[in-house]
Amino acid sequence: MLRFLIAVIRRDLKLAARRKGDWLTSQFFFVMVVSMFPLGIGPDPAMLSKVAGGVLWVAALLAALLSLSRLFADDHRDGSLEQMLLSPNPPVLLALGKALAHWLIYGIPLLLIAPVLGVQFALPGDAIGVLMLSLLVGTPVLSLLGSVGAALTLGLRGGGVLLTLLILPLYVPALIFGAGAVDATLAGVGAEANLSLLAAFMVMTLLVSPWVAAAALRVSIE
Amino acid sequence: MSSSIAWFKFAAPMTFYGLAGRLIPWFAWSAGLLAAIGVYIAFFVAPTDFQQGEAYRVIFIHVPAAWMSMFLYLVMAFWSAVGLAWNTRLSFMMSRALAPTGALFAFLSLWTGALWGKPMWGAWWVWDARLTSSLILFFLYVGIMALWSAIDDPRRGDKAGALLTLIGAINVPIIYFSVKWWNTLHQGASISLMKAPTMAATMVTGMLIMTFAAWFYAIAAAMIRVRGIILERERHTEWAAEILEGK
């Protein structure tokens, strides 16, 4: 069981390593979207630090959705997804492995880029630390919930936009607690409450999403 | 036992088609009648609110619409769960038939809320917890309907929509509380909807009557829609072809 999970993750990591363009696109998308905001709302550092948490989090949601539309699509096109579902291994582990691999490939780099962008937005050091922490706890939610949407929209026309429409409302709690943690640090009230709630939400999605995603995969494939 | 047999009998699209056809006039007429009574109470019987003036009268449509938008989502989630558990085709059709009405009520509650907010709060829109979560509920309805319309295969569409409805239903309370805490964190309790003093009895009566009107309307509309869906799905069968040719 565990070996299958690790095999799924390793396979996706290897594929990502060989097609660097794919995942770099998503990271640059994140950086560019965030960089557009100061141009739009002005360079005042006081204002920028106020909106930084929200802007970075919204950009992270969009970047995740952009990459999620391809989560199962390539495997579906060459038929390997069907083979993996036909194998005796539980599809739940396949869905979980795919989501975890997505998090490793797209979530972790976001987390590492975020401090640089935080500096650009004039965030103080402790807020940058909390921002990274909130992304560390929150980005798994994006990958896990997004895997459900990716499985539901597999092979549909306009899948990418549709995925955004389906999943963005479900991301609301992650956005609120994630950006809220940064805001709370800036306001000096401490980010523990927001981070704990975000972690609770993450654990819940970890428990529910792989099952729903596996069921959705079966619906989409049959 | 006899009642359970009747339930399964009406779970077949063919028998339900006939049953719905007989029930629709009843629900539609009661909805119309109750709405007429409710509107009469709303405009002529209910007293003017001493704090809010005449503008409060929009609650007679606003509150039932908001309730129905939430209630219909729960009903949709119920039918989705039934459909996924027992693979009954009619449950999925019911869920599909309910969604547009639910979205309509969600939109109506947002719209009337804006109309009420302008004279009361001085703003068409505030990021109040209820308003925001109603907006997100409306987004959920839109997302589910978008998914259905993107999937041509009815079986796949049924199940995919049901899964999305259910995961949305799990999320609705979380979204509500997160928005509520977010709201108190950001702007403090500047506006409270529940500050209004206890309502006059006629106001409550009018609102309840309007709620039942909205409820019966929703049932009638969903049944009309589900009859259309049944005919579309069953058009290859003999009985449906007979009805379609008869028209």
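From the backbone N, Cα and C atoms, a Cβ is placed for every residue, glycine too.
Taken from TrEMBL, the feature domain 'Cytochrome c assembly protein' applies to B:7-186.
Same-chain residues lying 6 or more positions outside the transmembrane segment (B:23-45) and placing a CB less than 8 Å from one of its CB atoms are 57, 60, 202, 205-207, 209-210, 212-217, 219-220, 223-224, 227. Taken from TrEMBL, the feature transmembrane segment covers B:23-45 (among others).
With a threshold of 8 Å between CB atoms, the same-chain residues lying at least 6 positions outside the transmembrane segment (B:65-86) that come near it are 92, 94-95, 98-99, 101-103, 105-106, 108-109, 112-113, 130, 134, 137-138, 140-141, 144, 158-159, 161-163, 165-166, 168-169, 172, 211, 214-215, 218. The transmembrane segment annotation in TrEMBL covers B:65-86 (among others).
Under the heading transmembrane segment, TrEMBL lists B:98-117 (among others).
Residues 66, 69-70, 73, 76, 96, 99-100, 102-103, 106-107, 109-110, 113, 157, 160-161, 164-165, 168, 172, 175-176, 179-180, 182-184, 193 of the same chain lie 6+ residues outside the transmembrane segment (B:129-148) yet bring a C-beta within less than 8 angstroms of a C-beta in it. The annotation transmembrane segment is assigned in TrEMBL to B:129-148 (among others).
Positions annotated as transmembrane segment by TrEMBL: B:160-179 (among others).
TrEMBL lists B:199-224 (among others) with the feature transmembrane segment.
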